[in-house]
Amino acid sequence: GTNAAARTRVAPRRVVGITLWYAFNVGYNVYNKKLSNALDYPMLIALTSLGVGILYFAPLWALGLRKAPKLTPEDIKACTVLSMLHTVGHVGAVVAMSAGAVSFTHIIKALEPMFSVIFGILINGTSDPLKVNIWLVPIILGVGWSAVGSKIMAGQDILADINMTAFGGAMTSNVAFALRGLLSKKVKAESKSENLSSSNLYSILTLISFFLFLPFALVLEGNKLSAAWPPVENLEEIPEKILGIPVFSSTSLNYGYELVIYTGFFYYMYNEMAYLVLGEVTATAQAVANTVKRVVILLATVAFLGESMDVHKASGAAVAIGATMMYSIAKTKK
């Protein structure tokens, strides 16, 4: 009766939410790659994409359009730890995507559940039954095959031209995000703060991460930036549109700014949408939605960034992504 009616009412909202989440995600991945092609400053790119997010939620809090969280001292400490992990995870992914193909980063990032399992055992002393964890095997094999399958088939040296920076960045991101996932569940469960919704928790992580990372980014790349200012002079031609969105800038400097703002906006919004959407749907639906998201991004890198996708890369990715979905579904049914 009423329950079913309520469920169907929510459904269109969910579909819109998931569609926006995917769209923002593709936007972020494409713009972020265009930005890192234009500017070889992964640290500053990572910093600005956190900073742009603050411009979105700070006015919402200030104007009372969204209730600002009131944190207890314990939660501030806990959120600072989460923010450190968030920063490392974010920077790792940005470094990986600027160093190598975006599709390669996403294939390696399919290994995140493996790290979640390891940390679950180490931190909580708990593990899922074998019928759940067995799905990690095809995930690992699929990722491996996607990364090096074509080399194995051609009899080449597997490690010859693997982009170690991209691999290291993506793996670092996996470790940090798996830990962040475990600990943020704990923080949410034990929190005594007011208004600590999922969206607000993400806003707090963004805020603290930005200020934590600011000195590091400036030390690592500040001098490079001032030496190369104004940047993006040696760009390939400024495109008229990216993903169908018109580019307004005529000078390369303004184009750089425009890319920064879009990248930061898409980054914040896809995470905001993820929290909103995933908070509303069942764990199984989350698993499926997350899986489809990876497929959408891989297809987008081929369509919009011209990245290559041979049969080995595609089949390995398909196995890994499919197994990730099965793992997540098995986890909810254990």
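Even glycines carry a Cβ here, placed using N, Cα and C.
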Please identify the range among 76-101, 232-257 that TrEMBL labels transmembrane segment.
76-101
With the transmembrane segment (76-101) as the reference, find which of 15-31, 158-179, 200-220 contributes the most Cβ pairs under 8 Å.
158-179
Does the transmembrane segment (158-179) reach the transmembrane segment (132-152) with at least 3 CB pairs under 8 A, where each pair is 6 or more residues apart?
yes
Other parts of the chain folded back onto the transmembrane segment (132-152), taken as Cβ under 8 Å at six or more residues beyond its ends:
104, 107-108, 110-111, 113-114, 117, 158, 160, 162, 310, 312-324, 326-327, 330-331, 334
If you count Cβ pairs under 8 Å, which stretch among 43-64, 107-125, 200-220, 259-278 touches the transmembrane segment (15-31) the most?
259-278
Using a Cβ cut-off of under 8 Å, list the residues of the same chain at least 6 residues beyond the transmembrane segment (43-64) that approach it.
32, 35-36, 87, 90-91, 94-95, 98, 203, 206-207, 209-210, 213-214, 216-217, 220-221, 225, 260-261, 263-265, 267-269, 271-272
